[in-house]
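Read the structure below first, then the notes.
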Amino acid sequence: MNHVLHFMFGIFGNATAAFLFLSPTITFWRVIKSKSTEQFSGIPYVMTLLNCLLSAWYGLPFVSENNILVVTINGAGSGLEFIYVLIFIYHAPKKEKIKVLALFGFVLAVFSAVALVSVLALHGTGRKVFCGVVAAVFSVAMYASPLSIMRLVIKTKSVEFMPFFLSLFVFLCGTSWFVYGILGRDAFIAVPNGFGCTLGTMQLILYSIYHKNKGSKETKKPTANGTVEMGPEKPPHQEKQENSQVPQDEQV
């Protein structure tokens, strides 16, 4: 019975993780159509690629047992994230292109180093512990990435930048893999996904508190670094009055 539940939660985890990996396709379709990365950052996709590579490696039979479902979803995720990164690099401006390429090289170097050390220098339990710890650290880092969005929700009292279904699937994905890790007695899967389950729960709680505030009556002004500056809308008569004022040095 335990093996059946373990397998079922693994399948459910594959389905929810697939949704998360596919969610950026809308963003990249926009990038392709506009032929510009606009104010989007490529860093999350590069770091998610590293997380997928390390998790897929950990799931391989010669590293850890009975984790083939970890390999399937993270192998697919690695492929998708690799495509996202290539699209981003192709359409990014020169400065951003160099930054993302350097980070991409770092990711490949880290993964190669972990793979080589685990194969050539470690065996049995030592190999599993080494690969598990590295994969868990980057899994926690990936789950922690929405913390800035949660802070923005609390600050603006609006869930405009935190879609409900994305928060829901973060919760479902973290929960399913947490249970999968518990049933398989694998702390390297249970611990980081328990963290993801907790963050997903926090996002849903925030959504329940602020779900009525999906927009704000404040103007949104993009700043130089691509963030949004919130400011109260000015009354039409005030705006008209300000626009009619001409500096003295420009008057004829």
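Note: Cβ is positioned from N, Cα and C throughout, glycine not excepted.
Residues or ranges marked as compositional bias 'Basic and acidic residues' in TrEMBL: 231-242. Residues or ranges marked as compositional bias 'Polar residues' in TrEMBL: 243-252. Under the heading region 'Disordered', TrEMBL lists 215-252. Residues annotated as transmembrane segment in TrEMBL: 6-31, 43-62, 68-89, 101-123, 129-149, 161-183, 189-210.
In summary, the transmembrane segment (161-183) lies against the transmembrane segment (6-31): three or more C-beta pairs, each 6 or more positions apart in sequence, are under 8 Å. Spatially, the transmembrane segment (101-123) is adjacent to the transmembrane segment (43-62); three or more Cβ-Cβ distances between them are under 8 Å for residues at least 6 apart in sequence. Sequence-distant contacts of the transmembrane segment (189-210) (same chain, six or more residues past either end, CB-CB distance under 8 Å): 67, 70, 135-137, 139-140, 143-144, 146-147, 150, 153-154, 157-159, 162, 164, 167-168, 170-175, 177-178, 180-182.
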